[in-house]
Amino acid sequence: MMKWLVVLAALVAFAECLHKMPLIKGKSARQTLKEKGLWEEYRKTHPYNPAAKFYSSGTESMTNDADLSYYGTISIGTPPQSFSVIFDTGSSNLWVPSVYCNSTACENHNQFNPSQSSTFQWGNQSLSIQYGTGSMTGFLGSDTVEVGGISVANQVFGLSQTEASFMTYMQADGILGLAFQSIASDNVVPVFNTMITEGLVSEPIFSVYLSGNSEQGSEVVFGGTDSTHYTGTITWIPLSSATYWQINMDSVTINGQTVACSGGCQAIIDTGTSLIVGPTTDINNLNSWVGASTDQSGDAIVNCQNIPSMPDVTFTLNGNAFTVPASAYVSQSSSSCTTGFGQGGTMQLWILGDVFIREYYAVFNAQTQNIGLAKSA
């Protein structure tokens, strides 16, 4: 009996090491703009350029991803001020709107007020993050940041002073970057790095589960994995570059035929991009293989009735095959069905975004510089 109590106590202690950050699947900017009748006009003036944030020039870029919909709530300051943020494995800075911002995007979002926090300290640097459709500028400061029950003291973060107009239509207030310090604007130490160095997580890993259509259930777990979110074993893939969470992709195939990434390419596992994005010629080929036709605004349209007969697409990563069925790569709205394969310029860099991560639970190990993937439960 005593032995079992010891085991039970150990299990309870172990369970307490996992810090879970629930994510809400909210309304995307595209949905909001469509409801207001502004979508068609908006997409012409703000072309979708998801690769913008990967043209590294010392500043870290974001883009107008109108389909992002997963947000979590963090707090900053003493007493805590709450913000919803996108947990973005494709960038490295944390920033939120501030009371010093007069852009339209700040007016309808929560704003951080430094004068109301007893633990806030100003930094001596300005911050500028380039977007595909404008930029965010602001200042650096430091304060206590609370994420999923973990309290991170003296975390440096950005307070926005101006924000690009597309942020107005996003539900999230700001962004929490989970990539490496090497690509952080102003070389700021990212939140997760601070958690590791301060010993606030039991293991230097975090994992991401994105639920399908339901609003609830998605989460980021800091310090470990949650085995209820995946089936089978985790396949580990070494990073090819510890900047983004970047890995080698061997090919993209349909029924054994290579349809894209011929001869190999680079891929990034990116929670901050909603689609699977690749070079224009590859994506056009992939879309035609699955039977999609591209409309004048660049959406790859399919007949909703064809989904059951559409082929699986297999992404081979470092010798391991990860298959995504049509039910996962086609998104259905009230009016039409579109594929989740988007064009991202000409660079040989693929972005495996939320369409991929919904199928495969993703584990990010900062110490061994590996990504683990397992079939989502």
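In case you wondered, yes, glycine gets a Cβ from its N, Cα and C as well.
TrEMBL labels come from automatic prediction, so no person has curated them.
Per TrEMBL, the features are:
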{"type": "SIGNAL", "residues": "1-17", "note": "signal peptide"}
{"type": "DOMAIN", "residues": "70-374", "note": "domain 'Peptidase A1'"}
{"type": "ACT_SITE", "residues": "Asp88", "note": "active site"}
{"type": "DISULFID", "residues": "Cys101-Cys106", "note": "disulfide bond"}
{"type": "DISULFID", "residues": "Cys261-Cys265", "note": "disulfide bond"}
{"type": "ACT_SITE", "residues": "Asp270", "note": "active site"}
{"type": "DISULFID", "residues": "Cys304-Cys337", "note": "disulfide bond"}
Checklist entry - Can you tell me how far the Cα of Cys265 (disulfide bond) sits from the Cα of Asp88 (active site), in Å? => result 22
Checklist outcome for this item: Between the C-alpha atoms of Asp88 (active site) and Asp270 (active site), the distance in angstrom, to the nearest integer, is 7
Item to check | Rounded to the nearest Å - Cα separation of Cys304 (disulfide bond) and Cys101 (disulfide bond) | outcome: 43
Checklist outcome for this item: Cβ contacts within 10 Å for Asp88 (active site), all chains included, total 24
Checklist outcome for this item: Same-chain residues at least 6 positions away from Asp270 (active site) with a Cβ under 8 Å from its Cβ, in sequence order, are Asp88, Thr89, Gly90, Tyr244, Trp245, Ile351, Leu352, Gly353
Checklist entry - Of Cys106, Cys265, the disulfide-bonded residues given in the record, which has the fewest other CB atoms within 10 A of its CB? => result Cys265
Next on the checklist: If I restrict to non-local contacts, at least six residues apart, and a C-beta distance under 8 angstroms, what lies near Cys337 (disulfide bond) in its own chain?
Outcome noted: Ile301, Val302, Asn303, Cys304, Ile307, Val330, Ser331
Checklist entry - Quick one, of the disulfide-bonded residues Cys101, Cys261, Cys304, which Cβ has the fewest other Cβ within 10 Å? => result Cys304
Checklist entry - In Å, rounded, how far does the Cα of Cys261 (disulfide bond) sit from the Cα of Cys106 (disulfide bond)? => result 40
